[in-house]
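Asks: Quick one: the structure is below, and I'll ask about it shortly.
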Amino acid sequence: MPQDPTDFEWSYWIEWGKERILWLLAGHLLVSQVSRLLVEKYKPWCLMVYGMAACWLLLGIKGFAVILVHATISFAVAQFQLSLLTWLCSLILLSTLRIPAVEEAKRKWYDTENEYYLLLFTVSVRCLFCTSFSLEYCWHGPAQKSTHSFLWMLAYVFYYPMFHNGPLMNFDEFSKQMRRQEAFSLKTNLSILIVGIIRIFFWWCLAELMIHLMYIHALYSSAPPLEAASYWALGGLALAQVLFFYVKYLVLYGVPALLLQMDGLKPPTLPCCVSLMHSFTKMWRSFDVGLHRFLVRYIYVPMGGSQSSLLGTLFSTALTFAFVSYWHGGQSYLWYWGALNWFGVIVENGVKRILSISLIQDLI
C-alpha cells in the first residue's frame, strides 16, 4: 500500500537518514567508542573533528563555512559579555536565513532543494547552540573562561548527533558531562545500543504503519473530506495527527538520544505521550524538553518569569512564544500558533492562581 507523502518532515528526514545521515551517525559512534576506550581525555576534540568532517562532507565547503562564520561571529560578540548584545547578534544571524537574496545565493550552491533545506535546518538549530554558548560565556566569571574557549564552542556546535535537527542541550550541561571521565564498559554500552535500536525500530515501524494506513495529513490537505466529517471525526483526526507527531519525534530524537548515551552524556528526556497531557504547560515542559530548558534559562527567567509582577510574567511568556514563532520560520500562521499557545498558558496559570485562593478552596 502506498504511503501518505504529505508529511514533509517525516519523508525528508527518513530519506536523508537512509542516504547518508545514518551512516555518518554510525561513524560518530565508532569514533566515540574508540576514543573513549583509548584516549578518553581527548574525546571532545576527536568528536569535534569528526563533526566538522561530516558537516563538510554533507553540506560542502560553503555550508561548512557558513556555520563556522556564525560560530566565530557569535564568539567575537560574546567577548563584550553583554547579554543584550549577544541576543541582538543571534537574532540578526537568524534573520539572514530569511533574506531572499541570501536564500537564492545559497540555493545555487546545491543541485537539489533538499540539500539547501538541510543547510537551512542545520543553521537554524546551530543558531540556538551558538546563542547558548555565548550567553553562558557572558554569565561566567574569569575562573570559568578555560571551559568556555573557542575550541569548546566548536566542540559543542559541531557535535554531530544533535547537528541537523536537535534535540537541544544547553552548553553548561554539555560541557560538564563531556568533561566528566567515567569508567568505560564496552559490554554495558553494547547492551544499551541493542536495546535502544530495538525500541527505535519499533517506533519507526509504528510511524510507518500510521503513514501507510491512516492518511491523516492527506485528509488535512483536502477541504471536502473535512467539511463532510462530523465533529467527532474531526476530533479523532486531530488526535491521530498529534499522536503521529509524538511517534515521529520518538524516532527523530530517539536516534541522537541513543548516541548521546553511548557517548556518556545524559540526553534530554524523550517526548511524553500527548495522550497523557491535559495542559498547555505540561505540553511545553515535557514534549521538547531541550527546547523548553533553553527558553526558560535564556529568555523566560532573565526577563523576570514567574517571580515578577503579573504584567512582567505576561511579558516574559509572550517574549518566549514570540521567539519560538520567529525561530520556526516567522510565517503568519506560526505567529497565530504562538499567540494561541501563549493565551492557553496564561489562562491555565490564571485559573490555577484563582483556585489557589483559600476562599475559593473552601468553596470547592
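Each residue's number is its place along the chain shown, starting with 1.
Glycine is treated like the rest: Cβ placed from N, Cα and C.
Not my notes, these are from TrEMBL:
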{"type": "TRANSMEM", "residues": "20-39", "note": "transmembrane segment"}
{"type": "TRANSMEM", "residues": "46-69", "note": "transmembrane segment"}
{"type": "TRANSMEM", "residues": "75-95", "note": "transmembrane segment"}
{"type": "TRANSMEM", "residues": "116-135", "note": "transmembrane segment"}
{"type": "TRANSMEM", "residues": "150-169", "note": "transmembrane segment"}
{"type": "TRANSMEM", "residues": "190-211", "note": "transmembrane segment"}
{"type": "TRANSMEM", "residues": "231-252", "note": "transmembrane segment"}
{"type": "TRANSMEM", "residues": "310-328", "note": "transmembrane segment"}
Asks: I need to check the long-range neighbours of the transmembrane segment (150-169): which residues 6 or more away from its ends have a CB within less than 8 Å of a CB in the stretch?
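Replies: Sequence-remote neighbours of the transmembrane segment (150-169) are 13, 16, 21, 24-25, 28, 44-45, 47-48, 50-52, 54-55, 67, 71-72, 74-75, 118, 121-122, 125-126, 128-130, 132-133, 175, 178, 252-253, 255-257, 259-260, 263, 265, 267-268, 288-291, 293-294.
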Asks: Please indicate, using numbers and ranges, the residues of the same chain that are 6 or more beyond the transmembrane segment (190-211) and have a C-beta under 8 Å from a C-beta there.
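Replies: Apart from its flanks, the transmembrane segment (190-211) reaches 3-4, 7, 10, 29, 240, 243-244, 247-248, 250-251, 254-255, 258, 261-262.
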Asks: Under 8 angstroms for C-beta pairs, at least 3 of them, ignoring pairs fewer than 6 apart in sequence. Is the transmembrane segment (46-69) in contact with the transmembrane segment (20-39) by that rule?
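Replies: Contact criterion met.
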